[in-house]
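For reference, Swiss-Prot has these:
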type: BINDING; residues: ASP1015, GLU1016, MET1017, GLY1018, LEU1019, GLY1020, LYS1021, THR1022; note: ATP binding site
type: COILED; residues: 602-679; note: coiled coil
type: COMPBIAS; residues: 16-42; note: compositional bias 'Polar residues'
type: COMPBIAS; residues: 57-70; note: compositional bias 'Polar residues'
type: COMPBIAS; residues: 117-127; note: compositional bias 'Polar residues'
type: COMPBIAS; residues: 167-176; note: compositional bias 'Basic and acidic residues'
type: COMPBIAS; residues: 352-365; note: compositional bias 'Basic and acidic residues'
type: COMPBIAS; residues: 711-720; note: compositional bias 'Acidic residues'
type: COMPBIAS; residues: 749-763; note: compositional bias 'Basic and acidic residues'
type: COMPBIAS; residues: 783-794; note: compositional bias 'Basic residues'
type: COMPBIAS; residues: 804-821; note: compositional bias 'Acidic residues'
type: COMPBIAS; residues: 828-837; note: compositional bias 'Acidic residues'
type: COMPBIAS; residues: 1759-1769; note: compositional bias 'Polar residues'
type: COMPBIAS; residues: 1790-1804; note: compositional bias 'Basic and acidic residues'
type: DOMAIN; residues: 556-628; note: domain 'HSA'
type: DOMAIN; residues: 1002-1167; note: domain 'Helicase ATP-binding'
type: DOMAIN; residues: 1537-1692; note: domain 'Helicase C-terminal'
type: REGION; residues: 1-204; note: region 'Disordered'
type: REGION; residues: 329-465; note: region 'Disordered'
type: REGION; residues: 681-921; note: region 'Disordered'
type: REGION; residues: 940-974; note: region 'Disordered'
type: REGION; residues: 1754-1814; note: region 'Disordered'
type: MOTIF; residues: 1118-1121; note: motif 'DEAH box'
Amino acid sequence: MSPGDSALDYAKRQAGNVSSQAPSRPSSENDANGTVSTSNEHPSNEAGPSRPRSMGSERSASPQQGTTPKVPTKRRRLNAELAFSSPGPAFQVEQHGSEAQSDSNDSSGRARRPRRSTTLTKSGSNESQDRRSSAHIPKRKEEAGESRNLAESVPKNKLKLNNGKARASDEVELRESSLSLVLPSRSRSRSKSVVKLEPDQDSAFPQEVATPTLQPTRPKPQITPLTALNPQAALSEILARRRSERIALAQSDLEDVHDGHDMLVRELFHLTKFVTMVGYDPDVARTDQSDVFTTFKHAHDLRFSLDDSGSGAEASTAARVTRRRVNARLESLSLKRPDPPSTPSTPSFSKVKVDDDKKSAPEGRRNRRFSSVTGAQPRVNGAHTLETGHSDDTDDSSEEEDSEGSDLDAYSPDGREKGDAKDYNASRKGDAKRARLSSTPHKRHRAKVQDASSNAPVKRTGPRKSKALDELDAFILRQQPRPLPDHPPPLHILAPHQIPAHRRFGGDLDALYESFNMLQDDEGGLEDDDLETYIKLDQRWRAGLPIHPEAGSTTRHAVQKVPRNKSHHDHLLESVTSSYSQMRQYAKLKQQNSRKVARMIAQHWERQLGTSEREKKAEERRLRALAKWTLREVLKQWRLAVNVVRARKAAAEKAEKEKSDKEQLNAILEQSTAMLKKQHEVMTRADSLDDSDDEGSDRTNYGSDGSAESEISDIDDDDNQLIQIQDELPSVSPEQSLDMLTPVPEEADGSKDRVSNTTDHEAATANGDPTVVVESESQPSRRPQRRTARTKTFKARDSKLDADDIEFNDAGNDDEQEDAELERQMLEEDEEDDSEDAGLAADANIPIEELLKRYGYGQEADQDAEDSDAGEDAVSNDDSLENSATKDGSEDVAAVASIKIQEDAEVEEERPVQEDSMPDEAMDLEDDAVSTALNRPSDALLVDDHSDAESAATSGRRSSRRSMTRASSIVSSDRHATRLRQPFLLRGQLRPYQQIGFEWLCSLYANGVNGILADEMGLGKTIQTISLLAHLACDKGVWGPHLVVAPTSVMLNWEVEFKKFLPGFKILSYYGNQKERKEKRIGWNTENSFNVCITSYQLVLADQHIFRRKPWVYLVLDEAHHIKNFRSQRWQTLLGFNSQRRLLLTGTPLQNNLMDLWSLMYFLMPNGATELPGGGAFANMKDFQDWFSNPLDKAIEGGTSMNDETRAMVQKLHAVLRPYLLRRLKSEVEKELPSKYEHVITCRLSKRQRFLYNDFMSRAKTRESLASGNYLSIINCLMQLRKVCNHPDLFEVRPIVTSFAMSRSVVADYEIKDLLVRRRLLQENVWEKVDLDVTNLRITDGEEHLTAIESRDLRRLNAAKKLPHFREAVPEPRELDTWTLEGFERSREQRKLVDRMEKWKHMAYLNQYRCTKRPIYGSGLIKMLTEAGEAARLEPLEQHESDRRGFLTRCDSVLRIVQSRSTRRENMQALIDRFAFVTPRAVAVDMPRWALPGLEAHQRPDMVKREFDTVHPVAVKLHIAFPDASLLQYDCGKLQQLDILMRRLKEGGHRILIFTQMTRVLDILESFLNYHGYRYLRLDGATKVESRQALTEQFNRDARISAFILSTRSGGLGINLTGADTVLFYDLDWNAAIEAQCMDRAHRIGQTRDVHIYRFVTEHTIEENMLRKANQKRLLDNVVIQQGEFNTETLAKRLDWTDMLDESGKIGDVEVVVADQGVGARDVESAFLQAEDDEDRQAALRARHEMFIDDADFEEHQPSTSRPNTASATPLAHTASDGARPDNGAHAADALDAHEIENEHQEQEQEQEQAASIDDYMLAFVESDWPFFA
């Protein structure tokens, strides 16, 4: 037998098992009648491999007494089995009753815990393989429902028993084979062996189909249609066949459901574990039987999900599950096959005895408890019996009886099942077994399975059911749902309408089945009757009559519901609803009253039981609370008293401090006034000199001609020789040389002790201890000694100047002449090198004393220290020093430095200044002193004539080239009032104001005071400093070393200035990387290795450990505002340097507030003013803030006018700062400096600018940003508006307009219609219908054969006017007169006349056209033109000019008329450029195809050539519209004004500097200047530092360059652009101080023309607000600061973004919310940088990097002190009381204070005795014991 036939036979037998019929009547033996009802074996389409599940519900039964009992199957049991909830391992539909019962017993409703390993021994396959093979079975959900319905519809009387042995054998084989296929191993662990089932030798079919396939081919069972059945077959056979098909279909659907669920569980497991389905393989998933998956599958088993009783996985896992319990459950749920028989040939039969448990429900013979147990009995017993081979002892005795009784009780003798208890009792005829069975209907029945190998029943022995199984059964019983009751519950009818309707068919299902009329029944008569009825109804419907004649109308009326009278029940319900709310309220009220009563009773008894104890506790709590409150109030009063006393003490201390501060301020003012007075007296001693100055003293530059340069070079050479001689002398040691040339310091009080070095003091000051008093160093006392001839009165020099005298060049000389002069001087110096070497060699053999005398450095022999009192004989100017020498035999050599202000200081101490009482007088004195010092005429510089003469006698080679006379050297007869001479080492001539500054610096050095030179930019602070250092070398013998710290960008400028004006100094430029700096430090500590060291702020911080160890004479800080922050690391580092003197150079000593100025002042005087002669102390930071900073800041920020008190405070501040600060403005000191004029040019917005401006302001986002108050958003909006004002391309670039190119034109869509129209139009020849030759409309017809002469002759032959009726009018035709013959003839003749006249008229018309035909050109002209050129076509003359041979055969005059395409384009280029600018919105690229339909590119290859496309540029202009270059100017109002301004400046020969803030504006300006053809240069932040000087020199030298465009962020302080006399600010910068610096680049020394400053401001924009705020600040600066004469930068701070708003805080009509967010200056600067473009941002950063290399140090907070015993770095000056008050005054004050304290104590005691108030007592007590309370 083939596998296919085996599978088919297996399916048939399986379907037969399900649909086996029951016997007609029960019998304990064989059927008496011998009738055996055989069931038809219906074909089944199920294949063998598709049934891998065990038929665990089947039991093997052995024959008893040689008979095989017939097991009936009831319809109710079939219905129950079709709806079972736990499929279990045997997932199939069973029809046999015994099998159904076995399934009900075996398949428990509880959750089965799956085994970790399930192994099948059948043909090497396991359960997983079987499930995998069955996973591909198609779904059968629909067929399952049909099979279930069909099984329910089977009539009871159709069932029959099957008692054939072959049938029983097949059933046993099938059960055993299916059991052996899928019986799993119930071992608890993997180590145990699996349960192996031996194959049944008699069942060959399961062995053949045991091996599953991966893709089982199991076709879906089909339902045989009724038409395919045998018409002669009985109805029972048809039903049986249909039943078997339905059951097979349902079985297939159930298997599909199970397989589909299994695959879904596996997919869910994969998703749960691996999240994604990427690596999911169905074939691999089917073979997965791991422990993890088995556990996961157990939670999703269909047995638990379909079990409605709740005894699944959820119920079973609720309690604690032990191993014993699990094993017991697994044993109870496992299905084990009994051992095979010993004799293989003996077939095994199975007898299944089933008790019909469900029949008790309709019969009502069982109570509710046992019916529920029986109805939901889990299939446990059968499975347990089959596995263990024995059952419980309690079931042995009744098992056989139960099984027999179940067979007999099910059916009555007539084969019908009884529906009630009476029929059932009548059918049992006194049978004992039946009586026993009937007497015990509620007994629990179990099926008995006997061994197939024995004939007699096998007695089961073994242990009883375990306790775990009892608990499991009890748990299952508890979890099972309550089944339906055996009898329907009683109906509680409350109303008539609630009475149920009668059942149809009496509730009998059989009657319902019999009511159906099946096909092929002998009921044709009914169909005939119905047919007649249908015919009649159809006829009425077709006739339009109503279908039901009795209706009478076709309108359907709704059936009205008959109103029902209210019954008693209705009234009862209404009363219940109405009284319900009242009852609820009454119940709540009763509950509330009950609670109240209960509480009252409880409170009563509580009071009765514990009243006394409770009252005691309450009283105790009250007293404790009262005590706490009293204590709190008393402490509050004492705290108040302490606070009052503390406030009194603080007020007294504050008053005392104010008093001491006032005294200190007065002392400072007194000291400053005295010092200023002395400076005024010293600097005005030469007022008696003759004021007649030579014109050379007022020259505008300190460069001189060749003679002056050679003279200073000679002086420098002398000095160099002197230094060389001193170095080469072996007899003089360095110490002796130092004693001879270096001054000896002296203390300020005149003592003879040496002064210690100031390094320790400055280090201590840097550490924050400013109270340490260190002896100050005095200035050097030695100076070059004048000769005796210098004491005589100088004689007046001859007014005539020799040829060798110094001539001052005018400022208008060109730079080229100066460069040539410098080159000539350098050549002369090179020629003199040989002679200088010879002079040095001769001087080398001269003793040092003679050399000193020769060069004016003689030593005095006077050693008297009293010479300091006779100052009128020893000093000649304000820095004259006493000459002292060492005494004989003394070890200490002291040089006394006397200051002329000591005597005046003593006088001032005797006459104290009452600052408070007479402030006006003091201020007047100060103002007079300053005005006298600043406004006095420029005095002449004196040069000793005798000294020069003797020097010339010593070195005659230089006397001829040195001028001994100056025009300004006229002195008075007072020899002691001579001014300081200019150092002879200094090359060049100082200006008068520079000479004053030089003398002021010298006086500072002489007085031992540090100072600030704060001249305005461009006044020569550098040359004044160089002059001071030269003076120290020449007159004091102090050669350094000096340290100059400058910004990196001006280090080169310092080196150049030193080499230019002081070449005799050795300059060390300290820069480079670490290695280069290390090489430059070689010989660092060698004496005279260098005189001046120039470095930057960055390097001085990097190498501070090196600079700190070296002693410096002068520490010069250029751009000293770099140390304005005393908390910065730079300030603290430089403060600790070892330097004798300090000089600060800055153009802006006060940038932000007065604390910046205080930082500079404290840096100058770390010890305060005590080191000055006369004592005194400079204020500390807090006092300075209280005195000056806070009041002035408040007055300035408030914007109000200053009151008298504030004005007096400002005057005091001027008086304090004036002795240490010198500041001159260019407008004050440089009288010949050209004027500066400022202009504001308002510009209108262009149309595009106005559109963009209004569009941006109208945006919702802009309004939201302005109203938000976020300063970042507001600044961004302001920056966008400024871009629109500067140029619209900055905001939005004008686009390049192009046409939209369409690959397919619109005409292409109508191609088909066009062809259709053309075809229809061309069907007829239009020229055949219309003769154009008649009307001369064919204009080209006569061009070839008609000439002009012929046309003239034709016009002559025109005879139209001679034709008849030509001039007569044609009458109107009349109607025919048919009334009479005459009338008819008349009308007829008239018609003929009309026709004749019309004919002649038409002939004349045609003749007129034919005779007037004339050609346009004529054949003659065409022939002539053709003959003039080539015969093919006329060509331009350019193509034939090269052909000389054809000169005679062509007419050049004619050919010149013909122009080529290129020539014509050139001639029309102006029109093309002007008008070819409009581009179409869209173009189509396929238009040539439609415009020239018959012309192809291959037909005319010459048209494809590039030369042919001469109109391509024109086409490009029409396709792509580039913005016109002129739009760059006309789109911007500022550029329109700039065009007008540039034209006017160009005509006047002016040159302009154009400044802007934005880098992109520079690009636009470049395009603008290139468009107009102006020459220009550009300098921005990206320009390298070394290129800036070259650009500057090129602009100043080349007058052809009209403009220089620069960025305000370009940096480079000190750039000289005096070649331009016009400055234009294209846009306003955020920082107004930057604009001042930009102006100074043109308006500075060297400028010969007036400078005009222009500002472009766009009207009605935010630029007007910016200009208004800037003007206000400049006005306030002019009123408040310039009057102080010490600073112009107080209010030159950055413009705030709020300044650009209107006075009402609006921009246009949009109100801007200004939120107070505490935004700092750095935040605002960062916001500005963010709002700007990237290029401008980078330029600003580079500029700031150049100006402030370590800008981060300015904001750096002071580092916290980490070391103990280290004071803060914040400097505090001495108080006024330190060392200022004498001892006797202190003792007197102490005695007075003690006396006052005693008096106060006595008064307090008296007040305590007489005090009537507790408050006074408390205050007095606190004051008496204040140390305790404090």
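Any Cβ shown, glycine's included, is placed from N, Cα and C.
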Neighbour tally for LYS1021 (ATP binding site), based on other Cβ positions within 10 Å of its Cβ: 23
Secondary structure content, the domain 'HSA' (556-628) (per DSSP, counts of residues): 61 helix, 0 strand, 12 coil
Beyond the flanks of the motif 'DEAH box' (1118-1121) by at least 6 residues, Cβ under 8 Å: 1012, 1021-1022, 1044-1047, 1050, 1054, 1144-1149, 1151, 1156, 1160, 1613, 1747
Cβ-centroid neighbourhood (8 Å) of the ATP site, ASP1015, GLU1016, MET1017, GLY1018, LEU1019, GLY1020, LYS1021, THR1022 excluded: GLY1147
Per-residue Cβ crowding (10 Å cut-off), top of binding-site residues MET1017, LEU1019: LEU1019
Local Cβ density at GLY1020 (ATP binding site) - other Cβ atoms counted within 10 Å: 20
Cβ atoms near GLU1016 (ATP binding site) (within 10 Å, other residues, all chains): 21
Cβ atoms near THR1022 (ATP binding site) (within 10 Å, other residues, all chains): 22
Residues near GLY1018 (ATP binding site) in space but at least six apart in sequence (CB under 8 A): LYS1226, ASP1640, HIS1643, ARG1644, ILE1645
Under 8 Å by Cβ from ASP1015 (ATP binding site), counting only residues of that chain that are 6 or more apart: GLY997, LYS1021, GLN1024, GLY1147, LEU1222, ARG1223, ARG1224
Per-residue pLDDT averaged over the motif 'DEAH box' (1118-1121), given as an integer: 84
Tally of DSSP helical, extended and coil residues in the motif 'DEAH box' (1118-1121): 2 helix, 1 strand, 1 coil
